[in-house]
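Novice: Quick one: the structure is below, and I'll ask about it shortly.
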Amino acid sequence: MASVFSSSFLCPLKTAKLRIKLQTLQSSQKPFLINSLQLRELDPKIPQPVQTFWKWLCDEGVVSIKTPVKPGIVAEGLGLVAKRDISKGETVLGVPKRFWINTDAVAESEIGNVCTGLEPWISLALFLLREKWKDDSKWKYYMAVLPESTDSTIYWSEEELSEIQGTQLLSTTLSVKEYAQNEFQKVEEQVILGNKQLFPFPITLDDFFWAFGILRSRAFSRGGIQNLMLVPFADLANHSVKVTTEDHINEIGGPAGLFSWDLLFSFQSPLKLKAGDQFLIQYGLNKSNADMAIGYGFIEPNSARDAFTLTLEISKTDEFYGDKLDIAESNGLGETADFDIKLGQSLPPSLFSYLRLVALGGTDNFLLESISGNAVWNLLELPVSRANEELICKVVRDSCRSALSGYNTTIEEDEKLMKEGNLGSRLQIAVGVRAGEKKVLQQLHDIFKERELELDELEYYQERRLKDLDLVGEPK
């Protein structure tokens, strides 16, 4: 019964390798005074494509001499650093709407008509691939600084994936890759091959995976996956565990040039910074290390990110399948339900109720016949019977042991590897995630083992019912 899927789509990251592609700077009739000052502020070690990209942002009025952050070489590779001291909550950048790459930008482009009806991320992927190919693209300086890949598990080789054998991360990675491959085959047949005038260049599965990975790692989502967008300059901000809020992103009206006003994608600093400090944001407080690995290509050395998703299911062969499904659905769940178990944290409140519902059987089935659905769910918050409670303990413990047997290493072996250090970035991710999953499984196993030892001490439905009817005397 215990199998899992946990996925997330988006938020920004930009570590990894830069695609170093030197391009001739276009001539500009705009004044160069401020731009020259801005360029001199950059670290000379910064790759030329990034310097060219920065000049483009200056020329277009996205940044000015007053912008308090600039690109810099940081531990992650490339990031934003403070040019001066920055107060907590201070606005550090504002990118005008005309520089957002979203479905509106796609709709206004040459491929807008053929992208109508496509999933937003697919239309954005096609847009990226076309703009990357075009020599005269408005976005060519941005395209030049996008990484060719990250350490996301979607780019790992079979040998590298073998290091996460048995993990939920592996099953999720393979499912995500299969999903992207299927979507590519469909869009290739339905859009690309029939519109050679719009796509006069070869688009391979690897190309599509590049765009897919860029969106997973760099796109922002305001209000759901339907509102994905890439925001040049803003997506240089790296993630930090030190940032414990997600309220530093806003869309506000503001000046977007010398004589213009526009909607701005705005960042406020979540931390107080000194000049030279890196400007950092939070990619998602609720993301697990597996989410971080598949989305961005890194993990946190933070046990709070270690998680395992327990998936439970009401069997369709259950005599009371319909009744159980009605009860689950009336309480926000369904035929299957996922419960994220996090290391060192309490179990999800509804886990025991759903477990008891799934395991309900035998003489306990009278509850489904004689009591209304909502009342049954309330009763399931407490133990129903010894047989029911014993069954859920056994099922969960057996599932944990089965999952643990699928890993090629033990927790102790993984911890030894991490302690010794000198792991490559991808192996570090693999060891960290698989160790974290096993710790969560062991924790879950131990919780239900302890629960099993307490079965004789628990109070069950019939005892509670007799007390409610005042049919049980006070113990002497």
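Cβ atoms are placed via backbone N, Cα and C, with glycine included.
So TrEMBL lists these for the protein:
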DOMAIN    60-284  domain 'SET'
BINDING   Glu76, Gly77, Leu78, Arg218, Asn238, His239  S-adenosyl-L-methionine binding site
BINDING   Arg218, Arg222, Asp235, Tyr283, Tyr296  substrate binding site
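Mind mapping these onto the model and telling me what they sit next to?
Specialist: Neighbours of Arg218 (S-adenosyl-L-methionine binding site), defined as other CB atoms within 10 A of its CB across all chains, total 25.
Around the Cβ of Tyr283 (substrate binding site), 24 further Cβ atoms fall within 10 Å across all displayed protein chains.
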Novice: List the Cα distance (Å, whole number) between Tyr296 (substrate binding site) and Arg218 (S-adenosyl-L-methionine binding site).
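Specialist: If we compare the Cα positions of Tyr296 (substrate binding site) and Arg218 (S-adenosyl-L-methionine binding site), the gap is 8 Å.
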Novice: Whole-number Å only: compute the distance from the Cα of Arg218 (S-adenosyl-L-methionine binding site) to the Cα of Tyr283 (substrate binding site).
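Specialist: Cα-Cα, rounded: 10 Å.
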Novice: Ten-angstrom check, please: count other Cβ atoms within 10 Å of the Cβ of Glu76 (S-adenosyl-L-methionine binding site), all chains counted.
Specialist: 16
Novice: At the Cα level, what's the spacing in Å between Glu76 (S-adenosyl-L-methionine binding site) and Asp235 (substrate binding site), rounded?
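Specialist: So the alpha carbons of Glu76 (S-adenosyl-L-methionine binding site) and Asp235 (substrate binding site) sit roughly 13 Å from each other.
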Novice: Distance between Asp235 (substrate binding site) and Leu78 (S-adenosyl-L-methionine binding site) at the Cα atoms, whole Å?
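Specialist: With distance taken Cα to Cα, Leu78 (S-adenosyl-L-methionine binding site) is 11 Å from Asp235 (substrate binding site).
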Novice: Tyr283 (substrate binding site): which of the binding-site residues Gly77, Leu78, Asn238, His239 is the nearest Cα neighbour?
Specialist: His239
Novice: Taking each of the binding-site residues Gly77, Leu78, Asp235, His239, Tyr296 in turn and counting other Cβ atoms within 10 Å of its Cβ, which one has the fewest?
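Specialist: Per-residue Cβ counts within 10 Å for the binding-site residues Gly77, Leu78, Asp235, His239, Tyr296 bottom out at Gly77.
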